[in-house]
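Working notes, beginning with the structure itself.
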């Protein structure tokens, strides 16, 4: 790739950001699309966020992704955000529109696309159990409700956090029944058979962590399991689900799909199908 004075710049800001797979998949797509654009990572400490955003604005960067821990903190630094981003309470994509920096959120759409592509799952009329109540859970819950889910149960160690999500969404999505419960394994084991999909939005599953005692065998054999964790590739949760023959998927599909959505926002063009996923899988040796 030749970088010239006309090359347009995209990027990702986060802390840390060296582990991000986004530069690999975005640059693969940009090259395949024949665009004179480049996508680079920017390591931005939390205390430097305001000055970093001001710098990106001044330098004329065309757009950038936003990852942990900046997805909420960046909102007051932008000129405006979309209704989707406001609903999610977070921004993961920023586009320069004239002199303005506009915040978007593609996490929800990426999640729904991944459910369809990786599990063949459509939320309309379905009952879903979501583990966790953080930012990833908020995106999942909102997108599931928008997709017509009948019931969304939020299980979190702090029930109050789960109840906050219930209160945030129950007046917005009248067709979905929301509820919160403790992330207590015996309680979940007693209820898990009532759901068509289980979604883990927590970091449990990374490293040596696991949901000790969670009995996936109680789920309906036709139910599906989605774990947003993708390192390791097969978490203990997914390993147990697959042993029972249930359809399961990790978060790689969501990572790729939200990136595809972001690139379409920046360029006005859809990336070639599969190019981002293939690049990510090659990097992970999958």
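Heads up, the Cβ atoms here are built off N, Cα and C, so glycines get one too.
Remember, predicted model here, so these are calculated numbers, not experimental data.
Taken from Swiss-Prot as is:
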- 20, 21, 22, 67, 92, 107, 230: shikimate binding site (BINDING)
- 71: active site, proton acceptor (ACT_SITE)
- 132, 133, 134, 135, 136, 228, 251: NADP(+) binding site (BINDING)
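Residue 92 (shikimate binding site) is surrounded by 28 other CB atoms, counting those within 10 A of its CB over all protein chains shown. In sequence order, 12, 13, 14, 17, 20, 22, 92 are the residues of the chain that are 6 or more apart from residue 67 (shikimate binding site) and have a CB within less than 8 Å of its CB.
Cβ contacts within 10 Å of residue 133 (NADP(+) binding site), excluding its own Cβ and spanning all protein chains shown: 26. Most other Cβ atoms within 10 A: among the binding-site residues 20, 22, that distinction falls to 22. Across the structure, residue 228 (NADP(+) binding site) and residue 107 (shikimate binding site) are spaced 11 Å apart at their Cα atoms. The recorded positions recorded for this entry are 21, 71, 107, 230, and the Cα of 107 lies nearest to that of residue 136 (NADP(+) binding site). For residue 230 (shikimate binding site), the same-chain residues lying six or more positions away in sequence with a CB closer than 8 A to its CB are 250, 251, 252, 255. With respect to their backbone Cα atoms, residue 21 (shikimate binding site) and the residue listed as 'active site, proton acceptor' stand 17 Å from each other. For the pair formed by residue 132 (NADP(+) binding site) and the residue listed as 'active site, proton acceptor', distance between Cα atoms is given as 17 Å, rounded to the nearest Å.
Rounded to the nearest whole angstrom, the C-alpha distance between residue 134 (NADP(+) binding site) and residue 107 (shikimate binding site) is 13.
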